[in-house]
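Reading through the structure tokens given below for one structure.
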Amino acid sequence: MLKKQSAGLVLWGAILFVAWNALLLLFFWTRPVPSRLPSDNALDDDPASLTREVIRLAQDAEVELERQRGLLQQIREHHALWSQRWKVPTAAPPAQPHVPVTPPPAVIPILVIACDRSTVRRCLDKLLHYRPSAELFPIIVSQDCGHEETAQVIASYGSAVTHIRQPDLSNIAVQPDHRKFQGYYKIARHYRWALGQIFHNFNYPAAVVVEDDLEVAPDFFEYFQATYPLLKADPSLWCVSAWNDNGKEQMVDSSKPELLYRTDFFPGLGWLLLAELWAELEPKWPKAFWDDWMRRPEQRKGRACVRPEISRTMTFGRKGVSHGQFFDQHLKFIKLNQQFVPFTQLDLSYLQQEAYDRDFLARVYGAPQLQVEKVRTNDRKELGEVRVQYTGRDSFKAFAKALGVMDDLKSGVPRAGYRGIVTFLFRGRRVHLAPPQTWDGYDPSWT
């Protein structure tokens, strides 16, 4: 509105200026001629008089022109003052909000390690049932052993899965006292070949490794999709596992399926690794017992894995190289999560090392200390969270057995432990089996 008023003022000034010049021109044309000299032909006969008259007219015109210049200057000055007084600041165009570019989700293949169990169908059925996207989660079944019935089961899925076969089915030369471990040698050879295919042939950036006797939870894919960026960003992590070694039903909080932890123990049994880690491990991959080899300090290098409160995998395979002993004693009791958790919508930054160490250690060592006997007899029920302190290998094993958690150690690291601390539920109470606060590292001689 103000801009229109200012423009109108300029227009009127210009009109007045033009009108004034028109009147001036009319004035000169209609101005009466001054009285002549006595002789009517005096001016015509006297050139000097004519010159004086022309000069006088020119001077009059110059004076009038100067007055017009002054008038025009006043118009300009008044316009400038008016514009300054009523000037409306020109608002800068609103800045476009910065919308972060969300990278497309990574393609994370599921590598199923198969051999001679036709029950791989149960594993594949669950994977395909819960898989949200065939493009984001291609399923690659790598088969060893040359078992034809298992091969037919895998082939029956057609293009829903990719079937690859480990070509070297020969026996492996081993020491005489290791002949009974031939199966462990073949497993290590198969893992090396299959992971090589994933990262060198298919060129994937990461992979989730699943054995053929595992059943997955409804949010299995959601869990790994959400934790993949965390694994990529945090160099203090080297894997994400779907497994809680102490995940028996009575030892987990079923009301908190979203709860995740860091652990120094390599759990396996459905785990995510990056191509960069495989590039590090492949040149020194062991000939046998690959999982225990992963748990050695030379491979772990102080790094941790992410693990859930409630397992996202469950093993149903009693048949295997361990002859079912570990399955009967422990594995079959692990609870499989059934409640879908939208992990990709949750803030998982609490799992980054600095924040996690600060908060987790404050919680553990801020909990009241209670003797193991009082925990077992459920004394001090009002204490919903307690700490049981051990001081050495023997006391750890004794307390772990008394409380029902796994008591074995691999290179000094307890199963599901973080900084020596094992967290679980006992009779509905949160218990931290922990070393003294002065703990300064694992002792690899503890086994």
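Using the three backbone atoms N, Cα and C, a Cβ is placed for every residue, glycine included.
Swiss-Prot has this to say about the protein:
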TOPO_DOM  1-6  topological domain 'Cytoplasmic'
TRANSMEM  7-29  transmembrane segment
TOPO_DOM  30-447  topological domain 'Lumenal'
DISULFID  Cys115-Cys145  disulfide bond
BINDING   Arg117, Asp144, His190, Asp212, Ser322  substrate binding site
BINDING   Asp213  Mn(2+) binding site
DISULFID  Cys239-Cys305  disulfide bond
ACT_SITE  Asp291  active site, proton acceptor
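Structural mapping of features recorded in Swiss-Prot.
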residue: Cys115; record: disulfide bond; Cβ neighbours (10 Å): 23
residue: Arg117; record: substrate binding site; Cβ neighbours (10 Å): 21
residue: Asp144; record: substrate binding site; Cβ neighbours (10 Å): 22
residue: Cys145; record: disulfide bond; Cβ neighbours (10 Å): 17
residue: His190; record: substrate binding site; Cβ neighbours (10 Å): 20
residue: Asp212; record: substrate binding site; Cβ neighbours (10 Å): 25
residue: Asp213; record: Mn(2+) binding site; Cβ neighbours (10 Å): 24
residue: Cys239; record: disulfide bond; Cβ neighbours (10 Å): 23
residue: Asp291; record: active site, proton acceptor; Cβ neighbours (10 Å): 17
residue: Cys305; record: disulfide bond; Cβ neighbours (10 Å): 26
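The CA atom of Asp213 (Mn(2+) binding site) is located 8 Å away from the CA atom of Arg117 (substrate binding site).
Taking the Cα atom of each, Cys115 (disulfide bond) and His190 (substrate binding site) are about 9 angstrom apart.
Each residue contributes its Cα atom, and for Asp144 (substrate binding site) and the residue listed as 'active site, proton acceptor' those atoms are 18 Å apart. Cα of Cys305 (disulfide bond) to Cα of Asp291 (active site, proton acceptor): a distance of 14 Å.
Cys145 (disulfide bond) sits 13 Å from Asp212 (substrate binding site), taking the Cα positions as reference. Annotated pair Arg117 (substrate binding site) and the residue listed as 'active site, proton acceptor', C-alpha to C-alpha distance, rounded: 21 Å. Separation of the C-alpha atoms of Asp291 (active site, proton acceptor) and Asp212 (substrate binding site): 16 Å, rounded to the nearest whole number. Following the DSSP three-state reduction, the secondary structure of His190 (substrate binding site) is helix.
His190 (substrate binding site) sits 20 Å from Cys239 (disulfide bond), taking the CA atoms of both as reference points.
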